[in-house]
Amino acid sequence: MQVFYGLLLMFILCSTIHLSEQWCSTCLDLACGASRECYDPCFKAFGRAHGKCMNNKCRCYT
């Protein structure tokens, strides 16, 4: 039973790390002050003009 809980814990940790890597795949290393500044760079990078300025960096929604 302890082996099961150990494997479950490892699975949860690996899933969390994998999800955090996916979140940053849509972040652009571009300084911004407003969301409208992210529309053109997001369109050029991902083909969709869906973006938002978060923590002074552009985050694109694909």
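Cβ coordinates come from backbone N, Cα and C, glycine included.
These numbers come from a predicted model, not from an experiment.
Features reported for this protein in Swiss-Prot:
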| type | residues | note |
| --- | --- | --- |
| DISULFID | Cys24-Cys27 | disulfide bond |
| DISULFID | Cys32-Cys53 | disulfide bond |
| DISULFID | Cys38-Cys58 | disulfide bond |
| DISULFID | Cys42-Cys60 | disulfide bond |
| SIGNAL | 1-22 | signal peptide |
| SITE | Lys52 | site 'Basic residue of the functional dyad' |
| SITE | Tyr61 | site 'Aromatic residue of the functional dyad' |
How many Å separate the Cα atoms of Cys32 (disulfide bond) and Cys60 (disulfide bond)? 12
Surrounding CB atoms that lie within 10 Å of the CB of Tyr61 (site 'Aromatic residue of the functional dyad'), all protein chains: 12
For Tyr61 (site 'Aromatic residue of the functional dyad') and Cys42 (disulfide bond), what Cα-Cα distance in Å is obtained after rounding to a whole number? 8
C-beta crowding around Lys52 (site 'Basic residue of the functional dyad'), within 10 angstroms: 15
State the three-class DSSP label for Tyr61 (site 'Aromatic residue of the functional dyad'), counting H, G and I as helix, E and B as strand, and everything else as coil. coil
Cys53 (disulfide bond) falls, by three-state DSSP, under strand
